[in-house]
Amino acid sequence: MHYLDISFTYKNTDISVREKLAFDSDEKKEQILKLINSNKNIKESMVLNTCNRVEIIASVEDVKAATAHIIRCMSIFSGVFEDELYERADIYENSGAAHHLFAVASSLDSLVVGETQIVGQLKNAFKFAYDNNSCGEDISKIIHYACKCAAKVRNETQISKNPISVSSVAVAKAKEIFGTLEGKTAIVVGAGEMGELAAKHLISSGAEVIIINRSSERVEQLVDSLGDNASWDSILKLKEYVNNYDLIFSSTAAPHAIITGEIIEPREFHRYFFDIAVPRDIDLLNTELISVYTVDSLEEIVRKNLALREEQAQKAYSIVGQDTSEFLKTLKEDMSVPLIKSIRKQAEICAKNELEKAIKKGYLKHSDYDEAQKLIHQVFKAFLHQPTMKLKGLADEERASELSNGVKFLFDIKDEQNFQAGDIDEI
């Protein structure tokens, strides 16, 4: 088994391509996972989809064949040519996949380093794949360690102190433009997670917020939680709001743009649109009186954030490196456990059979059986110590699979039993 992570992020893929790759509905995610898992080289898979990244995480039998299949599946769904996907993708396997995923979970690979949303998004992506029978023990193990690593980074560094997100960066840019947001009214389109964060940051900066949403139930609850500086209205009045206010943030789950040139009317004041959705909500060109900022165009503030957190990021990467090594060590031992257990079980059965023969033939008294069994156990425990240590180190050897198969042949082991690392006592 090999771990594989095929990654498309803001670093290697611009937003115009990322939005084509976005699996922005449960139906799309379910379809892509079924298609990916239809190949014999894929054991398990999950898809992580955020505004800044689309990643396929999988456990596979053959890395090259599995990569080709996954790229082909993504090309079918997105309409992007396979050659372009290969050119853009960062492809990680085994230790590289673990290190990358741990860094992602710890928000070190995020556009906004230190943002706190990613670990929740990772957990939700795993839960969706698990609930849809797309992943199991292999991916469960690496996600568990990734979340554990993220918690350690959060607790042992200050990288998430004063946590920020894409939404907060967008609000910071608005403050930079206007000087202050005190007394301003901002329009937030969408009441999802990103919209909620934008509204909170706007209100904390002194602005009043009007949230525009399709469903009344969700937005009513949100407005109640935000207090007196928040109100809401129907998405049916979107045209009215985008033409009468100068500060608009949009983050809906719509599969297509909802703010287009068709609903924009000429005005004599400058309007600023912040599109923090992927796929994009806003399809407008920058003009003399209209400025549009997307996720990818907030880089200057992001760079400042990265510089401020550089020292903490170095500490965090050290933790990621340590946790990656620990995970690989555990994985290595887990891989050898069934084989080790099978050899020990075979030795126990052989010893028991010989003891029973000795008693039947009168070579050994019944009263000596327990003592003889203890002695034999100690003998084969000592005898198997060195082979056990060697087997636990097989994952570090280039010929690990070949050596493991050789051991199975020598001991005539047909089927290894499924045990966990905790089942093996220290020998």
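Cβ coordinates come from backbone N, Cα and C, glycine included.
Features of the protein shown, as given by Swiss-Prot:
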type	residues	note
ACT_SITE	C51	active site, nucleophile
BINDING	T50, C51, N52, R53, S110, E115, T116, Q117, Q121	substrate binding site
BINDING	G190, A191, G192, E193, M194, G195	NADP(+) binding site
SITE	H100	site 'Important for activity'
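Where Swiss-Prot records a feature, it is marked here on the structure.
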| residue | record | Cβ contacts under 8 Å, 6 or more apart |
| --- | --- | --- |
| T50 | substrate binding site | Q117, I118, Q121, V278 |
| C51 | active site, nucleophile | V166, M194, I276, A277, V278, V295 |
| N52 | substrate binding site | T9, Y10, R18, S110, L111, V166, V278, V295 |
| G190 | NADP(+) binding site | I211, I212, N213, S250, S251, T252, A253, A277, D281 |
| A191 | NADP(+) binding site | I211, N213, S215, R218, V219, L222, W232 |
| G192 | NADP(+) binding site | S251, T252, A253 |
| E193 | NADP(+) binding site | Q117 |
Environment of G190, A191, G192, E193, M194, G195, the listed NADP(+) site - residues of the same chain whose CB lies within 8 A of the CB centroid: V188, E196, L197, A198, S251, T252
Cβ packing number for S110 (substrate binding site), 10 Å threshold: 23
Cβ packing number for Q121 (substrate binding site), 10 Å threshold: 17
Nonlocal neighbours by CB distance (under 8 Å) for G195 (NADP(+) binding site), same chain, sequence gap 6 or more: S167, V188, V189, I211, N213, F249, S251, T252
Distance [Cα-Cα, Å, rounded] between T116 (substrate binding site) and H100 (site 'Important for activity'): 17
Surrounding CB atoms that lie within 10 Å of the CB of M194 (NADP(+) binding site), all protein chains: 26
Maximum Cα-Cα separation in Å among residues T50, C51, N52, R53, S110, E115, T116, Q117, Q121, which the record lists as binding substrate: 15
Mapped DSSP class for H100 (site 'Important for activity'), helix or strand or coil: helix
Other same-chain residues whose Cβ falls within 8 Å of the Cβ centroid of T50, C51, N52, R53, S110, E115, T116, Q117, Q121, the recorded substrate site, in sequence order: S107, L111, V112, I118, S165, V166
The one of H100, T116 whose CB sees the fewest other CB atoms within 10 Å, among these recorded positions: T116
